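According to TrEMBL, the 5-phospho-alpha-D-ribose 1-diphosphate binding site annotation covers ARG94, GLU117, ASP118, VAL119, VAL120, THR121, THR122, GLY123, LEU124, SER125. Annotation comment: TrEMBL describes THR121, ARG149 as orotate binding site. Per TrEMBL, domain 'Phosphoribosyltransferase' is recorded for 47-155.
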Amino acid sequence: MTEDEALAEFRAAGALLEGHFILSSGKRSANYLQCARVLMNPERASALARGLAQKLPRELRNEIEAVISPAMGGIIIGHEMGRALGVDAMFLERPEGTFELRRGFSLRKGAKVLMVEDVVTTGLSSRQAMDAARAEGAEILAEVALVDRSAGEADLGVPFYPLVQINFPVYDPEDLPPELAAIPAIKPGSRKV
Ligand SMILES: O=P(O)(O)OC[C@H]1O[C@H](OP(=O)(O)OP(=O)(O)O)[C@H](O)[C@@H]1O
Ligand SMILES: O=C(O)c1cc(=O)[nH]c(=O)[nH]1
Ligand SMILES: [Mg+2]
């Protein structure tokens, strides 16, 4: 799947939003990729995961023992990646504010894991999720994401294979352009502020 084909799926799903958004990092943006809208169609979710799996070098792909993804945004695409790669899919969640494996999910020490995200903006969530997975014994081989909003700037410390790279501007809340300052901000994601 090419970048243009993947973006066409976002457009078809009405997932390219415009407005004033508070991102997970606290930064602000006039653009938001609502991946849940893209992934609400199971056929589309599955096709995007197969596209992502094709991005992985064959040797790396063959080494993956499990996929792990950070909730909420990572759960559906993580599950579909598990299907595409023929491995189990687990998720990390943060009921107390930091990512942890719950629900009986566990890893063998040294388990070779692929981290799966829906969106990477600053990479903070990915790095926190990888730290939590390593604390459970994982060796993180690489990360994949539907969208890299940093357009290659985010440093995840492992090889990173996004389906789409895009560079939407982000702003500090104290330094908003007038057109954003003029409209109320909404926070679509679930990270607690
Ligand atoms: O690279 P970052 O700057 O960390 O931003 C990307 C993260 O933000 C979103 O999650 P969010 O924290 O909004 O919560 P959700 O997945 O529970 O909706 C998205 O799903 C990524 O996890
Ligand atoms: O940085 C984020 O929080 C973020 C940006 C985006 O476009 N989509 C999303 O789900 N999260
Ligand atoms: Mg998330």
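Cβ coordinates are placed from backbone N, Cα and C, and glycine is handled just like the others.
Structure coloured by features recorded in TrEMBL.
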residue: ARG94; record: 5-phospho-alpha-D-ribose 1-diphosphate binding site; contacts (Cβ under 8 Å, 6+ apart): PRO70, ALA71, GLU100, ARG191
residue: ASP118; record: 5-phospho-alpha-D-ribose 1-diphosphate binding site; contacts (Cβ under 8 Å, 6+ apart): CYS35, LEU39, GLY73, GLY74, ILE76, ILE77, ALA145, LEU146, VAL147
residue: VAL120; record: 5-phospho-alpha-D-ribose 1-diphosphate binding site; contacts (Cβ under 8 Å, 6+ apart): SER126, GLU143, ALA145, VAL147, ASP148, ARG149, SER150, ALA154, LEU156, PHE160, PRO162
residue: THR121; record: orotate binding site; contacts (Cβ under 8 Å, 6+ apart): LEU23, SER24, SER25, LYS27, ARG149, SER150, ALA154, VAL170
residue: THR122; record: 5-phospho-alpha-D-ribose 1-diphosphate binding site; contacts (Cβ under 8 Å, 6+ apart): SER24, SER25, LYS27, SER150, ALA154
residue: LEU124; record: 5-phospho-alpha-D-ribose 1-diphosphate binding site; contacts (Cβ under 8 Å, 6+ apart): SER24, SER25
DSSP residue counts for the domain 'Phosphoribosyltransferase' (47-155), split into helix, strand and coil: 39 helix, 32 strand, 38 coil
Longest CA-CA distance among ARG94, GLU117, ASP118, VAL119, VAL120, THR121, THR122, GLY123, LEU124, SER125, per record bound to 5-phospho-alpha-D-ribose 1-diphosphate, angstrom: 19
Binding-site residues near ligand 2 among THR121, THR122, LEU124 (Cβ under 6 Å): THR121
